[in-house]
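Let me begin by presenting the structure, written as structure tokens, before commenting on it.
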Amino acid sequence: MKKVFAVLIACLPALAYAAGGSNEHVVSANIDLTDKDSLKRGAQAFMDNCSGCHSLQYQRYQRIADDLGMTEQEVTALIHTDAKVGEQITSAMSRDDGAKWFGAAPPDLTLEARLKSPDWIYSYLKSFYVDESRPFGVNNLVFPSVGMPHVLEGLQGTPVLQEDGTIVATGGALTAEEYDEYVRDITNFLTYTGEPVKLERERLGKWVLGFLFIFFIIAYLLKKEYWRDVH
Ligand code: HEC
């Protein structure tokens, strides 16, 4: 028993890491992977705002369309390059250009939600704040000295860090609630993209549980039948 405890305790740091690191600014994203409308909105928002710099090289447009039940029109709206619908989602920017312009190449984001956690991504997109000492005039609470500009500033507004540590944005196209919703959709989409089979697995899981339940009843009745004459 002691050994089991020792192993569990040894695992704790790993668990904390899996939960998105120890950054105090990481908050719950509250995403819902079964919400297809949110996933569709997130896919569109990602393609409109992020795909210029970040690729999703292990994901294809067609796969997204199939998984999310998109119409042809909806898929076409996703593609901003000359890629065909069956191709992977690459970005127009080369790694070298990215490294030159931003100090660090924009990484591929297919597996980002598994690498950092959905909560981390959501919080990161909400944690940009004005900092004139930085090359792009912004810094980030979750990712200090980040090389990425605040590409959603037009939507969020100018984010100013308050004395109490919160961030208040003004002058954006969206209200604070709408912005939260917007980045939650993007986070939801990136979480799906990190593990597309998750949708399928959760659906299958219900059937498996149902099957086990029915099987249990049959096994129980069978046992009663077998033992009936033994006593
Ligand atoms: C103008 C180019 C550009 C655009 C557009 C852009 N990013 Fe970035 N992003 C970067 C760069 C550069 C980095 C690397 C920053 C660093 O390492 O300092 C980065 C880093 C990130 C990271 C952290 C990756 C990691 O684990 O190190 C995430 C998450 C991210 N971007 C998400 C997004 C999302 C979501 C969008 C769309 C809303 C977006 N980015 C749009 C350039 C961009």
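Any Cβ shown, glycine's included, is placed from N, Cα and C.
Look at TrEMBL and you will find C50, C53, H54 tagged as heme c binding site. Per TrEMBL, domain 'Cytochrome c' is recorded for 37-190. The signal peptide feature in TrEMBL is assigned to 1-18. Annotated transmembrane segment per TrEMBL: 204-222, in sequence order.
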Neighbour count (Cβ, 10 Å) for C50 (heme c binding site): 21
Per-residue Cβ crowding (10 Å cut-off), top of binding-site residues C53, H54: H54
Reported mean pLDDT - the domain 'Cytochrome c' (37-190): 95
Output field, heme c shell: CB within 8 Å of site CB centroid, site C50, C53, H54 dropped: F46, N49, S51, G52, S55, S91, P106, L109, V151
